[in-house]
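To start, the structure under review is shown below, and the notes come after it.
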Amino acid sequence: MWKNRKIDWLILGPYLALSIVGLLEIYSASSYRLLVAGSDPKSLFIRQFLFIILSWGVIVLTYSIRLQVLLKPRIIKAGLIVSGLLLAMMKLGIFAVTVNGAQRWVSIAGIQFQPSEIATIFLILYLSRFFRNDRSVPEKLHIPVLIVGGIAVLVLFQPKIAGALMILAIAGAIFWAAAIPIKKGLIIIGAAIASLILVAGLVLLLEKHHLLPSFFEHAYDRIAMVHNPFLDEHGAGYQMSNSYYALYNGGLFGRGMGNSITKKGYLPESETDFIFSVIAEEFGLIGALLVLFLLFLLCMRIFQKSTKQKNQQANLILIGVGTWILVQTSINIGSILGLIPMTGVPLPFVSYGGTSYLILSFAIGLALNISSRQVKEKNKQVERLQLKKPKLLNKNN
C-alpha cells in the first residue's frame, strides 16, 4: 500500500511538533482554572489528546487512500452543500450555539464544531477541481465566485469577520494560482474589496445611530480596542491588555513551563485564542519564535511542493492548504500583538479545539498524500529508465 511512497518529514515533522507543544500548553493553560472551578484539571488535556489520536488516524487513512477516491466530485459537492446548509441553519437558530455573542458553533450529538471550517476544506477541494483542466479561465467563472461570496457572507453574519476574510484570502490565492487573466482578477478583487468597504461602512453608520444589530456589537467593541486596550482595561480591552502583560512577563527565555501568571484567571481564553501569549510567557521570545518557525516551515514546505506538481488540481489543493494555515496563523498572531482586532481565530495545531484540529489534520493528510505521490511518480520514471538501459546496450552490441 505504501510501496514507493516516502513520507515528507518537512510537513509531518512540524505538524507533530506543534501538536505536542499545543497539547502540553493546553494542560498548562487550563489546569489552574479547572482546578479552581472544582473540575478535573486534566479534562481538556485528555479531550484534546483523544482528538489528536483520532486526527493522526485520519492522517494515516488520508495518506493511504488513492487521491482520486478522496477527490470524487460527488463527495466534494455533498460536503460543500452540507456545510453551506449548516451555515444557513445557524442563522435560523437550528443546532446553533452562541458563545461570546457569536453564533459560530453547531452542536450535533453533543459535539460542537464550526461549519465554516468544514466549508473551508471543501471549498479548497471544489475550487481545485473547478480549475483542474488547465491554467485558462473556464467560461463559467461566475459559479465559483458566487459560491465563495455566498459562503463568505454566511460566515460574516455569524459574525465571524476574520473567518470571512480567510475564505476570501484562500479563494483569492487559488484564483491567482489558476492564472486568471489580470482584467478578470482585478474585477473580482475590486468587487470583494468594495463589498467589504460597503459592509464596514454600514456597520459604522448603524453604530453612529445606535442601530447596530446585537450580533455585531462585540465585533465593533474589539475593533475599537485595537489601538489602546488599556483605555478600558477591565472591560472590552481586558483580554488584549492581559495578553500584553503575558508577552512582557515572558521576556527572552520565559518564566518556565507551567509558571504563567496571566493564565490564572487573567486571560479567560488562555488555552484557545490566546495560547500563544501563554507560550510567550512560559518560554519567552525564544520559545514563541520557535513555534512561529515551525508554522512557517510547514507552510513554506507545502508551497514548495505545490510548485513541483504537474497535476493542476494537486497544485491548487496545496496552495489552498498552505494559504489556510498561513492566513490563520497571521490573524491569530496579529490579534495577540494588537495589529488587528481580536478575532477568535485559533492558532493552528496548537490551540485547544478538537474538531478544528481534526479538519486541519485532514488537510495535512491531503498534503502528505500529494507529496508522496510525487515521489512515487519519480520512482516509476527511474524504473522505466532502468528497464530501457539493457535494451539500448543490446542494440549497441
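Glycine too: its Cβ is placed from the backbone N, Cα and C atoms.
With respect to the membrane, Swiss-Prot annotates L70 and L247 as residing on opposing sides.
Most Cβ pairs under 8 Å with the transmembrane segment (105-125) belong to 79-99, among the candidate stretches 45-65, 79-99, 137-157, 316-336. Taking residue pairs at least 6 apart in sequence, the transmembrane segment (137-157) and the transmembrane segment (79-99) share three or more C-beta contacts under 8 angstroms. The average pLDDT for the topological domain 'Cytoplasmic' (126-136) in the predicted structure is 77. When the stretches 278-298, 316-336, 347-367 are ranked by Cβ pairs under 8 Å to the transmembrane segment (7-27), first place goes to 347-367. If you look at the transmembrane segment (316-336), the same-chain residues 6 or more away from its ends with a CB under 8 A from one of its CBs are 120, 123-125, 127-128, 131-132, 162, 165-166, 169-170, 173-174, 177-178, 243, 247, 273-274, 276-277, 292, 295, 298-299, 302-303, 305-306, 309, 342-343, 345-348, 351, 360, 363-364, 366-367, 370. Here the transmembrane segment (347-367) sits against the transmembrane segment (45-65); at least 3 CB pairs are under 8 Å, leaving out pairs fewer than 6 apart in sequence.
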